[in-house]
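Under the heading domain 'Isopropylmalate dehydrogenase-like', TrEMBL lists 5-357. Sequence annotations record features per position, and here TrEMBL assigns NAD(+) binding site to 77-90, 284-296. Per TrEMBL, substrate binding site is recorded for ARG98, ARG108, ARG137, ASP226. Residues or ranges marked as site 'Important for catalysis' in TrEMBL: TYR144, LYS194. Residues or ranges marked as Mg(2+) binding site in TrEMBL: ASP226, ASP250, ASP254.
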Amino acid sequence: MNQFNIAVLAGDGIGPEVMQEANKVLDAIAQRFAVSFTRNAYAVGGYAIDTEGEALPANTLQGCENADAILFGSIGGPKWDTLPLEQRPERAALLTLRSHFDLFSNLRPARIYPGMEHLSPLRADIAASGVDVLVVRELTSGIYFGQPKGRDGEGEEEYAFDTMRYSKREIRRIAVAAFEAAQKRRGKVTSVDKANVLVTSRLWREITEEVAQDYPSVELEHIYIDNATMQVMKNPAQFDVMLCSNLFGDIISDECAMMTGSMGLLPSASMNEDGFGLYEPAGGSAPDIAGQGIANPIAQIMSAAMMLRFSLNLPEAADAIEQAVVSTLEKGVLTGELLPANERSRAATTAQVGDEIVRHILNQE
Ligand SMILES: NC(=O)C1=CN([C@@H]2O[C@H](COP(=O)(O)OP(=O)(O)OC[C@H]3O[C@@H](n4cnc5c(N)ncnc54)[C@H](O)[C@@H]3O)[C@@H](O)[C@H]2O)C=CC1
Ligand SMILES: CC(C)CC(=O)C(=O)O
Ligand SMILES: [Mg+2]
């Protein structure tokens, strides 16, 4: 029997609530596919600050190093917002993990499934136009990591600065990831930049053009980030793979998530060159709804499916989860944020959605 070792880092806010459902789903997959998932839970984020004094304790990092993959919830929240930036959960834990494991390639697939158009806030004809976008986001460089960053000066002349920096190597490897993905999809890469203003974007374009030479079957187009955010609303079906730097991918992936109906639907895979990965919802810890049992667990569950597909080489198990999620949506077992305000009384809880997905997995043939 295949046995896998998964480091489970549930984190803060809705993280533990949605992780509980992902764990149920993995139990169902283990039962149906005769595989075994050893799951070791570790403290991370604000919870780790409160219990162990730091956002990424050594024991947590060690557990991740020993695992076949990391399943991550979300971190951060108002309680830790006033900490110095370098101690905050987002930077001290998540950015450190991404950097430590060189998880440069972040895949965020956003799709409106046929028949699920009514969940989208887009106009019906746009939602029905065939929306299936993969955001490929560079995750370990750019303005989130560039040095120097800091504050200097005094009085009204005090200033703050971040550095947007990309090397050719960093651009090339994420561009390759985007072209490889496009080759297996609809053969189009839209590279998102701000090359009319930013030097880093000029280099980004240059290298993307170079990489395109190796992929003659893939069409490459360039678009400015401001136009891209507008086009995603106007005509999302024009996009196949959207290749983005760290900052632009962060922004546009939230927009793509919302296009499908909810932030709680968008999973993500963050991988290094060896195929090791961290899998997490694209959204955050959602403090506004945490602790109520109403968060949508689908992004977390689909992140687990991506983990099975990309790091554990279990494509049939990943397919089973994805089919079960679609069946659950089709059946109308939906958390409240997917429903119009006047229908929220019939909303399913986080656990009810998880249970329904498990039922579909165990009853599929
Ligand atoms: N990967 C991570 O751990 C991330 C952490 N964060 C952190 O999370 C905290 C909250 O950030 P926000 O800007 O509010 O972004 P957020 O993504 O947590 O929430 C934005 C909106 O989406 C909704 N939402 C998110 N996930 C949902 C789900 N599963 N089901 C239903 N609704 C959902 C929230 O209720 C909220 O209205 C901050 O501390 C932020 O730094 C933000 C993004 C990623
Ligand atoms: C909290 C940030 C570090 C991450 C983020 O917003 C994201 O990865 O989407
Ligand atoms: Mg984000």
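Glycine is no exception: its Cβ is also placed from the backbone N, Cα and C atoms.
Here the binding-site residues are GLY77, PRO89, and the one whose Cβ sees the fewest other Cβ atoms within 10 Å is GLY77. GLY77, ALA286 are the binding-site residues among GLY77, LEU85, ALA286 whose C-beta comes within less than 6 Å of an atom of ligand 1, given in sequence order.
Taking the domain 'Isopropylmalate dehydrogenase-like' (5-357) as a whole, pLDDT averages 97 in the prediction.
For the binding-site residues listed here (ALA286, ALA290), the lowest count of other CB atoms within 10 A around the CB belongs to ALA290. Using a 10 Å Cβ-Cβ cutoff, ASP81 (NAD(+) binding site) registers 12 neighbours.
Using a 10 Å radius centred on the Cβ of ILE294 (NAD(+) binding site) and all shown protein chains, the other Cβ atoms total 20. Apart from ASP226, ASP250, ASP254, the residues listed for Mg(2+), the same chain places the Cβ atoms of ILE225, THR229, LEU247, PHE248, GLY249, ILE251, ILE252, SER253, GLU255 within 8 Å of the centroid of those Cβ atoms.
Looking at the residues that bind substrate per the record, ARG98, ARG108, ARG137, ASP226, the two CA atoms farthest apart are separated by 27 Å. The Cβ of TYR144 (site 'Important for catalysis') lies under 8 Å from the Cβ of LEU95, ASN246, LEU247, each of which sits 6+ residues away along the same chain. Each of the binding-site residues ASP226, ASP250, ASP254 was scored by how many other Cβ atoms lie within 10 Å of its Cβ, and the smallest score goes to ASP226. Straight-line distance linking the Cα atoms of ARG98 (substrate binding site) and ASP254 (Mg(2+) binding site), rounded to a whole number, equals 19 Å. Candidate binding-site residues: GLY77, ASP81, LEU85, ARG98, ALA290. Not one of them has a Cβ under 6 Å from ligand 3.
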